[in-house]
Amino acid sequence: MERNVVIRLENVTKSFDDQVVLKNLTLDVRKNEFLTLLGPSGCGKTTTLRLIGGFEKPDEGIILHHGNDISNLPPYKRNVNTVFQKYALFPHLNVYENIAFGLKIKKMNKSLIKEKVEKALRQVNLVGYENRRIDQLSGGQQQRVAIARAIVNEPEILLLDEPLGALDLKLRQEMQYELKTLQKELGITFVYVTHDQEEALTMSDTVVVMNNGVIQQKGTPEDIYNEPVNAFVADFIGESNIVEGIMRQDGVVEIFGRVYECVDKGFAVNEKVDVVIRPEDIKLLEPSENKINGQVTSCIFKGVHYETCVMTDGFEWVIHNTKSFTPGENVSINVDPFDIHIMKKMEKEAGT
């Protein structure tokens, strides 16, 4: 096992009531990494988190911590802390007492507890809130208390199960940057669970996209967004136009009877493929006999861009651009070669 791998799930399978939720999953989590488990409800991401935390045991496979098998080790014996969506703060205790609770259970002396709590308060920007009651705090402040209570124990790994889910959009976006900054300052490993693609792309060093208990793709946010390995990932990570194409040769794909240059190679001649094109990568120009032509069906202003829908041969394209178009207007679909992503048809089946 690599020296910088702190946790490895190796060939892990987990079922509940005869329903398999994780299927022979293998995953490495590295030191000081911000790793996000991303996927729809029921994909197995929270179960994976609970296995790392010791709240569940694998039916098959093992969980290793620095090479040591911890599959049956209870949570309190793991150097791991968890922050849940429901923060589970003690309403009868103030901020200081909530953060200090775990340290008191360990019977640390008061001066050391005070030192550690004050450090945690500084790290989450809550200095001056020590004596506040929990019901006097905003949602964002309560979340900071929950994080402080977790990091005050100085865990090697912090698990976060959709901790921003209860916050409003603006506060959620602010907390994304705060969490990423905090992780870098602490120098510890974060394993974060979310179904929110923006959260995953904004904060993570590594994103693990899951579906039906299987890892679909693991990579940097840029890799996941720009080079999805199958149609599920392409569709789940932001909007995508996914159409059927035919590879005529390396670097040439036919879409709706029109030929486009692309950069993908290694496909058989005349092989049917899935073609993925992001809405922001499409340019709408005057109709052309060499391009796919269609008619604008709608154009909606979204603030930073217009969302334009164009119908061509029974398929409705979604395009994001800065120009307004009129419904009924005739246009052509134009895409640069490096913005056309080709995937094997069989890879779409893996994500369904």
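Cβ atoms here come from the backbone N, Cα and C positions, even for glycine.
Remember, it's a predicted structure, so these values are computed and weren't measured experimentally.
Features of the protein shown, as given by Swiss-Prot:
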BINDING   GLY39, PRO40, SER41, GLY42, CYS43, GLY44, LYS45, THR46  ATP binding site
DOMAIN    7-237  domain 'ABC transporter'
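In sequence order, HIS195, MET210, ASN211 are the residues of the same chain, not among GLY39, PRO40, SER41, GLY42, CYS43, GLY44, LYS45, THR46, whose CB sits within 8 A of the CB centroid for the ATP site. Ranking the binding-site residues GLY39, GLY44 by how many other Cβ atoms lie within 10 angstroms of each Cβ puts GLY44 at the bottom. Fewest other C-beta atoms within 10 angstroms, among the binding-site residues SER41, THR46, are seen around SER41.
Here the Cβ of GLY42 (ATP binding site) has 14 other Cβ atoms within 10 Å, regardless of which shown protein chain they belong to.
For CYS43 (ATP binding site), the same-chain residues 6+ apart in sequence whose C-beta sits under 8 angstroms from its C-beta are MET210, ASN211, ASN212, GLY213. Here the Cβ of PRO40 (ATP binding site) has 13 other Cβ atoms within 10 Å, regardless of which shown protein chain they belong to.
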